[in-house]
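Written below as structure tokens is the structure these notes are about.
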């Protein structure tokens, strides 16, 4: 390990996303895996992180003890669950470690905690680290400006059977991007289910539909429908590696920041488009 290499830690190292992150770190120049963590009592504790990720032995042992490894990493990458992420967030604030947060499903209190922590440490917090998805979010702003005021807007998302939150964080980010452009509050205009006799559609609403099936990595489509035509803007992920690569590149970008809350628009300079 070179003294100039950025040292990254992965939480949930044995999960689907954790293994992809370890692979992405292994493939990216200028970064190295410094530590790998799993939840207490996990059967994977003690395993070699590289062997878990399918890249061979790398000499990094999976542990549940962040404190024991605090000197081994500069930035922590967390794609786990809200309660775990908030615990890791408190640790990173105490020890002044940057964070990449890809966890979704936070309530308002959780989001406030992240905002508060960003006053002390640098954080990239995004619902989706794919370059393509974040380009789609920018395109949705453009579409909403042109068609949003007179179109029926629906967002359809699909994920694998194991995803525990719905709608996905990316679908909500799409809705928020559209609503903000139109001067609406998503909490007031979102419709998450339609059952029974619903009556006519509220023209100001943004509808969400969720599919959970098989091994779908992630698919999102925003529909702007008018009489006689509709525009659909879609993104389909075929591998989690696109999210992992985005997270690792975000960590490299974040390493130059002292504190603050950032998203992928900042990392990719999308506001300049």
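Note that the numbers count up from 1, one per residue, in the order the chain is shown.
Even glycines carry a Cβ here, placed using N, Cα and C.
When Swiss-Prot records 12, 13, 14, 15, 16, 17, 102, 103, 104, 126, 127, 128, 129 as binding NAD(+), the matching candidate from 38, 83, 154 it lists for that site is 38.
Checked against residue 39 (NADP(+) binding site) by C-alpha proximity, the recorded positions 14, 16, 128, 159, 170 yield 14 as the nearest.
Of all the binding-site residues listed here (12, 14, 38, 128), 128 has the Cα closest to the Cα of residue 160 ((S)-2,3,4,5-tetrahydrodipicolinate binding site). Of the recorded residues, residue 159 (active site, proton donor/acceptor) and residue 169 ((S)-2,3,4,5-tetrahydrodipicolinate binding site) place their C-alpha atoms 11 Å from one another. Taken residue by residue with DSSP, residue 170 ((S)-2,3,4,5-tetrahydrodipicolinate binding site) is part of a helix.
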